[in-house]
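In TrEMBL this protein carries:
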type: DOMAIN; residues: 73-302; note: domain 'Radical SAM core'
type: BINDING; residues: CYS87, CYS91, CYS94; note: [4Fe-4S] cluster binding site
type: BINDING; residues: PHE93, GLU198; note: S-adenosyl-L-methionine binding site
Amino acid sequence: MAGYDFYLRLNKGEYMISKNYFNNAGLGSILDKILAGDRLSIEDGHTLFECKDLTALGTLASIVRRKMHGSKTFYVLNRHINYTNICINGCLFCAYARERGEQGAFQLSKEDIMEKLRSAPVAPREIHVVGGCHPDIPLSFFEETFVSIKSEFPQAVIKSFTAVEIAHFAKIEGISTIETLERLRKAGAEMLPGGGAEIFAPETRRKICPKKLDADNWLRVHGEAHKLGYSTNCTMLFGHIESIADRLDHLDRLRKQQDETGGFNCFIPLPFLTENSRLEIEHPLTGIDELKTIAISRLMLDNIPHIKAYWVMLGVKQAQTALHFGADDFDGTVVEEKIGHMAGASSDQALTRSELEEMIRGCGFTPVERDAAFNEV
Ligand code: V47
Ligand code: SF4
């Protein structure tokens, strides 16, 4: 394979690319594909995971990230609302869920939700609503709540319910997931968050969340949402008992779904936090593995525009580093978060606009405030 050196100038980033260096790291042909804009195969994904040269991986992911977004790093003024932790699914990894009547179980009323929104330090542009699969909260509760939210916070986009919750509501109401999505859209929902994807590979999924909606149905609900005009996000929970092949299978399924229905806006790689979990983990996730997985996600998901460095789960410092490994979004103010913090997240509950901007600038990027759909504001 020919070795040569060249400068690559991309949207305010300049890279000295030595082909010999990438050849020696075993990544020469992958560099060629990336520069040509060609899709990476699952085999390429394995080569990337096997590569020990973290700097080479980071450079490849940064090339793609710079081509797509230059030095911009996005953030949003958002507010999370976790409306209940009562859940019938009992996923083994989950530290958040409780059974009804169990100590620590909670369920917010419509007034509780409105009060939380009113007390947010700044008016949110994105309201992220997710919770457990509660046995009997009717869909009408959310329809009424969303109508009130939209009338009091018309500038905010409601990003609500994982595909798992959508399928759960459909089941308890005896209606289709399409009808569920249509009713929620009419009430004001515009986006679906990416949770509930966990890991798609059936055998591993059965071990970590046997009662949860399966991969095909998770993807089907997102496809239906895309066709109804929702834009949606997607996630992958990694660093538990899954294999590298499971991670690559997961990324490949998301990429195929995106080829078909095209509505995924952002991918969020979620490193597994182990506190209060019933899952036994043999090899705890390392910081290196987190960065590699983020970089490889950027490289494999050539058709998903954004990769989120979710500071709540990664921790702020690792989220900053992730911006040099392919991530271009820093999520947002969040204000109150329970899912990660009940699992041992050591990050703060909230960040302010100026903290977000300072952190982004501090690692050499340009902060850009966005709305929920990634339009610059
Ligand atoms: O679905 C649960 C994960 C997800 C743990 O769409 C855990 O913009 C790590 O999906 N350690 C919910 N992760 C969070 C989520 C999300 C967050 C921020 C933004 C968006 C978006 C989506 O959290 C769950 C599950 O995959 N999770 N427990 C844990 N112990
Ligand atoms: Fe319920 Fe979600 Fe926790 Fe699973 S991960 S137990 S669906 S709250």
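Note: Cβ is positioned from N, Cα and C throughout, glycine not excepted.
Distribution of TrEMBL features across the structure.
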residue	record	Cβ contacts under 8 Å, 6 or more apart
CYS87	[4Fe-4S] cluster binding site	CYS94, TYR96, ALA97, ARG98, GLY131, GLY132, CYS133, HIS134
CYS91	[4Fe-4S] cluster binding site	ALA97, GLU198, ILE208, CYS209, LYS211, LYS212
PHE93	S-adenosyl-L-methionine binding site	GLU198, ILE208, CYS209, LEU237, HIS240, PHE272, SER277, ARG278, LEU279
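For the recorded [4Fe-4S] cluster site, residues CYS87, CYS91, CYS94 set the reference point as the centre of their Cβ atoms, and the other residues of that chain within 8 Å of it by Cβ are ASN89, GLY90, PHE93, TYR96, ALA97, GLY132, CYS209, LYS212. Most other Cβ atoms within 10 A: among the binding-site residues CYS94, GLU198, that distinction falls to GLU198. Checking the binding-site residues CYS87, CYS91, PHE93, GLU198 against ligand 2 with a 6 Å cutoff on the Cβ atom leaves CYS87, CYS91, in sequence order.
For the recorded site, CYS91 ([4Fe-4S] cluster binding site), the DSSP three-state label reads coil. Closeness to ligand 1 is met by CYS94, GLU198, these being the binding-site residues among CYS87, CYS91, CYS94, GLU198 whose Cβ falls under 6 Å from the molecule.
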